[in-house]
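Presented below is the structure to which this report refers.
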Amino acid sequence: MRLAVVVTLLVHCFLVTCSPGDNLDEFIDCTYACEYNRRCPNSQINYIDPETNMFHDIEFFDTPPLYSKLLFWDCISDCDYQCQHIITRWRIDEEEEIYQFHGKWPFLRVLGTQEFFSTIFSIGNFIPHYKGFVKFSRIIREEGDRRRKNSRSILIWNYLYVTVAGMLAWTASSVFHCRDLIITEKLDYFFAGLTVLTGFHAIFARMTSMFLYPKIAQAFTASVAAIFALHILRLYVDWSYTYNMRFNIFFGVLQYILLIMLSCQNYHALQKQKLMGEFKKTAYSSFKRQIFKLCVIPILLVIVTTMAMSLELFDFFSYEWQIDAHALWHLCTIWPSWVLYDFFLEDYAYWGNRQLY
């Protein structure tokens, strides 16, 4: 779910500004020694005191050529990486607390990726959005072939935009967890903002039946697109983690509220059908299935996603298994995306069969 992605970024921003490992004297001495011994280009370290720097005689390794060329690991960043693990192993041997560096736990590179499990689970999150894209694209083609372009098409197009934003966001997340650079971080943040806006746009248009009024729907879509453009411009002119998080959380919370309201709206519509006798006794099980699919599922999505956020709030890390709470959180967001698109399809089919609003 999209608010979950935003909360993840919020926690990351907080950790970046207060990672205790960055300020360890031994970590600083280690990076100085590595840059000096390896003669790193663009390094400002021209001398280290062998009497005070305990790392002066350590043999540091050269950056693997594949990492250097494909993943942009230069000498300085590789020294930072090596020293993180030198210090971490030393602290483990001394039975001291493992510290974060630059807002991240000290992960070992696996196949060149900085955070292997977060990368894998981000790719896993891409799949339900891609599957949703395929399903909604098929519906659009079928309705186009049947020349049934009507107000329902607007609703499906809105859901298609959500899938595209989701694919972009999780692609950016995969790249960011594979290699943390300024550009990959910014793209991760930008597309997270796009997901909350497209989700808000689609659910709000559905709940208000805006798709029945094409001109109003077009104006609303243009307004949301303008908001996103201004959001990116604001960050380009003056990057602010605080502003970015407030923006994303605002629209993310609105999404959750709208999902709950849509659930209530569907419930009242189903109850109205029941009172009108549209659900006979023999078909009561059908009524219960509809209640579950159209009313219970969206509320479950909100509850499950909110509960899973505790993985971010109560962070933990296993150096032995190279996995942390953030990676497990990405694992927990795969199922809600599958279910969300199934809900969109069920709701779309239900509205198409019964003109209730």
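Cβ from N, Cα, C; glycine included.
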Swiss-Prot annotation (transmembrane segment) - matching range among 51-71, 114-134: 114-134
Membrane topology agreement for Tyr99 and Arg289 per Swiss-Prot: no
Chain residues outside the transmembrane segment (213-233) and at least six past its termini with a C-beta under 8 angstroms from it: 151, 154, 158, 190, 193-194, 197-198, 200-201, 204-205, 247
Contact ranking winner - 114-134, 156-176, 190-210, 249-269, 325-345 against the transmembrane segment (294-314), Cβ under 8 Å: 325-345
Residue counts (helix, strand, coil, in that order) that DSSP gives for the topological domain 'Lumenal' (23-113): 39 helix, 4 strand, 48 coil
Paired segments the transmembrane segment (114-134) and the transmembrane segment (325-345) in contact, 3+ CB pairs under 8 A: yes
Outside the transmembrane segment (325-345), six or more residues from its ends: residues with CB under 8 Å to it: 1, 4-5, 8, 11-12, 115, 117-118, 121-122, 124-125, 127-129, 131-132, 135, 159, 162-163, 166, 173, 202, 293-294, 297-298, 300-301, 304-305, 308-309, 311-312, 314-317
Tertiary contacts of the topological domain 'Lumenal' (177-189) (same chain, 6+ residues out, Cβ under 8 Å): 9, 71-72, 102, 104, 112-115, 118-119, 122, 169, 235, 239, 244
